[in-house]
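Quick look at what TrEMBL lists:
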SITE      R22  site 'Transition state stabilizer'
SITE      K29  site 'Transition state stabilizer'
SITE      R155  site 'Positions MEP for the nucleophilic attack'
SITE      K211  site 'Positions MEP for the nucleophilic attack'
Amino acid sequence: MTTQQPVEPVAAIVVAAGSGVRLGGGEPKALRLLGGESLVRHSVRAMVAGGCSRVVVVVAAGMEDRFAADLSDFPVTVVAGGKERQESVAAGLAALDPEPPFVLVHDAARPLVPVEVVDRVIEAVEDGATAVIPVIPVVDSIRQVTGEGSAVVDRAALRAVQTPQGFETAVLKLAHAHVAEQGIAVTDDAAACEALGREVVLVAGDVASMKITNPHDLALAAALAEQLAGANPS
Ligand SMILES: Nc1ccn([C@@H]2O[C@H](COP(=O)(O)OP(=O)(O)OP(=O)(O)O)[C@@H](O)[C@H]2O)c(=O)n1
Ligand SMILES: C[C@](O)(CO)[C@H](O)COP(=O)(O)O
């Protein structure tokens, strides 16, 4: 009689292979500290808190040992990514063995994602959605720049896209193979699924899940983290 290993329903890929040129500072962005801990540690903790028992962390080639040391107390596998985000996600997908039915893809650069957002994404994929993305309303007035000038865009119909995004793993693998084969560049994984003709389901994101991109984002996130810690003392 063979004993089958249980396959956990939801794994996560945390992409951390970006260089963080816009943030600056030399160090890989995902290892920069926020409230005394690296961005990647915050992000991995959020995935684990949401119920992911396995996390693949994708890092720049040559940085594997540093990330593995930083994350040694988490259930992670560290693998090398690529030049573009979509190549890094594809590398994370290739490392998911055995393949779980569902997978979340999260930016290490979104360290303060609340666990409620992770829960909403997981619930939607487990309820049958193929591709799920958290979104928030756009608060600024928006203009589209045209050849001649610019025009107002109705922001009521616009949403800003966050992570983690949730998928049926088999579909996300097909979608990544499709965009790679066709040479389609996408900035997120839901767009890869859409390129395959799959429907994308939206759930509510959260302003706390801001992406750390520019130096002022780190300062804002630090203030936010302090406020959140004050509101939920452990
Ligand atoms: N080749 C890449 C590029 C990006 N990412 C990850 O994708 C997320 C979103 O990337 P972003 O922060 O926008 O880009 P960076 O490349 O990190 O920053 P920059 O463009 O300023 O260099 C980040 O967690 C980043 O580490 C990745 O894993 N592999
Ligand atoms: C995936 C993402 O975080 C959704 O907002 C975003 O597209 C990634 O950022 P990038 O700057 O386009 O790599």
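Cβ coordinates are placed from backbone N, Cα and C, and glycine is handled just like the others.
With every protein chain in view, the residue among the recorded sites R22, K29, R155, K211 whose Cβ has the most Cβ partners within 10 Å turns out to be K29. According to its DSSP assignment, R22 (site 'Transition state stabilizer') is coil. The two recorded residues K211 (site 'Positions MEP for the nucleophilic attack') and K29 (site 'Transition state stabilizer') have their Cα atoms spaced 11 Å from each other. Counting only the Cα atoms, the space from K29 (site 'Transition state stabilizer') to R22 (site 'Transition state stabilizer') is about 9 angstrom. For the pair R22 (site 'Transition state stabilizer') and R155 (site 'Positions MEP for the nucleophilic attack'), the C-alpha distance works out to 26 angstrom.
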